[in-house]
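Trainee: Following this message is one structure expressed as structure tokens.
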Amino acid sequence: MANIAAKRIKREFKEVMKSEEVAGGDIKLELVNDCWTELQGEISGPPDTPYEGGTFLLEIKVPETYPFNPPKIRFMTKIWHPNVSSATGAICLDILKDQWAAALTLRTVLLSIQALLSAAEPNDPQDAVVAKQYKENHELFEMTAKHWTNIYAGGPTCICEFNQKVQRIQDMGIDEHQARVALSTYDWELERATEQLF
């Protein structure tokens, strides 16, 4: 790895470790395999959002051209959010693309991703299905996001009705996650989700 990038990451890593957000349990950063180019980030779901109480893991790959190019970051924890792909975890956030500046740090990036959970941008979506639900049936979006947070990120809100529907499709021999995606996509209408799966 290029020396500038390694030095910069080491310095930023210390900055994150000393930050009040780490002390408060809001963000976390650790090395993967003692390698400065592969990191794992962790953010907690912000209060007063459907993600509250959840813990979300992020895969962070730092290019050799860092800090002149942004790190590649994706959600490893599955999440229902207009700006995150429910399939791949890819994030649609301007500072990870064309609005990147060398002055930005891993700490500011983690905090920006956390802020995105509080303020979705449904008009610039990464996941069109989620964005459509967000705009057309916001209450259902909130429930679905809470359900995903509960199942995948350890969030507190269990939605029994959704769990039962997932189980009904699982009983037909469909994988649990596949069942959940189909139901989430078709607004938790069992018939439509089942039709799509079979």
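A Cβ is built for glycine as well, from the same backbone N, Cα and C atoms used for every other residue.
Copied straight from TrEMBL:
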- C92: active site, glycyl thioester intermediate (ACT_SITE)
- 4-154: domain 'UBC core' (DOMAIN)
- 161-198: domain 'UBA' (DOMAIN)
Trainee: Can you count helix, strand and coil residues in the domain 'UBA' (161-198) using DSSP?
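Mentor: Across the domain 'UBA' (161-198), DSSP assigns the residues as follows: 28 helix, 0 strand, 10 coil.
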Trainee: C92 (active site, glycyl thioester intermediate) has how many other Cβ neighbours within 10 Å of its own Cβ?
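Mentor: Excluding its own Cβ, C92 (active site, glycyl thioester intermediate) sees 18 Cβ atoms within 10 Å.
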Trainee: Taking only the residues in the domain 'UBC core' (4-154), give me the average pLDDT of this model.
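Mentor: PLDDT averaged over the stretch: 95.
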